[in-house]
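Beneath this line is the structure, given in structure tokens, with notes to follow.
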Amino acid sequence: MNKDLLLSFMLLCYLTPILMVYFNYTTNNSVSNIICNDDCKDYIMFFMFLMGIGTILYELERNDIYSQIIIFFLLIGIYGVIYVNETNTIHYYFAYTVFIAILFFMIRHCYLTDYNKILLSSLCLQILTLFFIIVNMNENIFYGEIIYILNFAFYYLYLHFIE
């Protein structure tokens, strides 16, 4: 299957959750406040499930078993974060899985690209952003989470175009 087509499909599926977060951010302290909300979590889950299918197919085309395993854990974490309310401790285990899977994916592909300077810079930003999120866990971490998500999206797109 064509990786460009799969990436386009993934981006289209991801657009709905992004728009839902964008239109609901003013009254929430974290992305989880929005995606766990009963008014929108089913829509977000549907589109994230579709995006997950596209991502799995994309990673199969990439043909790296480690990348596929990391993405599998990332998707499980994302689905758990969406469906388990953030008042439940298990939600934080899923969130931890998401954050760590993203870091492992980025580290893996930095290594595979011989530490491409742009990817390495993005990885460093990701580590700093994660540190910010952890330090401010009981505060408003919305913007830290957004930077973390957008930086990973940039990384994934950049990786696509240099492969």
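The count begins at 1 with the first shown residue.
In case you wondered, yes, glycine gets a Cβ from its N, Cα and C as well.
Lifted from TrEMBL, the feature list:
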type	residues	note
TRANSMEM	5-23	transmembrane segment
TRANSMEM	43-60	transmembrane segment
TRANSMEM	65-84	transmembrane segment
TRANSMEM	90-111	transmembrane segment
TRANSMEM	118-135	transmembrane segment
TRANSMEM	141-159	transmembrane segment
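Within the chain carrying the transmembrane segment (118-135), a Cβ under 8 angstroms from the stretch's Cβ atoms is held by residues 99, 102-103, 106-107, 109-110, 141, 144-145, 147-148, 151-152, 154-155, 158-159, all 6 or more beyond its ends.
Same-chain residues lying 6 or more positions outside the transmembrane segment (5-23) and placing a CB less than 8 Å from one of its CB atoms are 31, 34-35, 40, 43-44, 47-48, 50-51, 54-55, 57-58, 61, 146, 153, 157, 160. If you look at the transmembrane segment (43-60), the same-chain residues 6 or more away from its ends with a CB under 8 A from one of its CBs are 1, 3, 6-7, 9-10, 13-17, 20, 35, 67-68, 71-72, 75, 78-79, 82-83.
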